[in-house]
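**Q** Questions regarding the structure given below will be posed in turn.
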Amino acid sequence: MKSDVRRQALRLRDGLTEQERRTKSKIITERLISLETYQKAQSPMFYASFRSEVITIDLIVARLAKGLPVILPLTLVDERRLVPYMITSMEKDVKRGAYGILEPDPAKASPFRPSDLDLVLVPGSVFDKNCTRHGYGGGFYDRFLAEEAPQATRIALAYSCQLFDRVESEPHDQKMDLIITETETIWCRTRH
């Protein structure tokens, strides 16, 4: 059932036109930028958007242009984990990594301690109004958030078509603190 809901949400997300994704992503990132939680973050970890995810590249580039810190995860597929690195340039410090996703180049970016992260932007396939999140089935973010960065505020960026009233949850599924779509911001704070 979990995989059925994931497939349904991804089908809806993939069905958005490029223009719809750009327009909705701009609204979502503007909502994010307006939040005090985001504005006060000293060491936020972003994700480099991939395929039909909410577009984060413009957000990352704008932050780098202001000289503000940007941390991106490196995916270690064999170890099934994420390792954060601080980057200073999308052109110099980033390359295509696991699954074709833009990731920090460990030879050029600086390692960053997960325990120092204060905010993590989290991608996913499907979410619900109780801040349940399902990723893509690998558990990378669930493990990372539970074991290495439990202190960080978790913010999911999603299109409204990915948000359901309720999706099933398993004990290892990590809850978000808030979910931002183009139509609403849902605060949960169920973890604290």
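Keep in mind that glycine also has a Cβ here, set from the backbone N, Cα and C atoms.
Caution: TrEMBL annotation is automatic and unverified by curators.
Grabbed the feature section from TrEMBL, which reads as follows:
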type: BINDING; residues: LYS2, SER3, ASP4, VAL5, ARG6, ARG133, HIS134, GLY135, TYR136, GLY137, GLY138, GLY139, PHE140, TYR141; note: ATP binding site
type: BINDING; residues: GLU53; note: substrate binding site
**Q** Can you tell which of the binding-site residues (ARG6, HIS134) has the fewest other C-beta atoms within 10 angstroms of its C-beta?
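**A** Looking at the binding-site residues ARG6, HIS134, the Cβ with the fewest others within 10 Å is that of ARG6.
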**Q** Tell me, by DSSP, whether HIS134 (ATP binding site) is helix, strand or coil?
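**A** Note: HIS134 (ATP binding site) is in a strand by DSSP.
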**Q** Per residue, counting other C-beta atoms within 10 angstroms of the C-beta, which of the binding-site residues TYR136, PHE140 reaches the highest number?
**A** PHE140
**Q** Using the alpha carbons only, what distance in Å do you get between GLU53 (substrate binding site) and TYR136 (ATP binding site) once rounded?
**A** 12
**Q** Output, ordered by sequence, the same-chain residues six or more apart from GLY138 (ATP binding site) with a CB under 8 Å from its CB, or 'none'.
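**A** Result: ARG80.
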**Q** If you count the other Cβ atoms within 10 Å of each Cβ, which of the binding-site residues ASP4, GLU53 comes out on top?
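**A** It comes out as GLU53.
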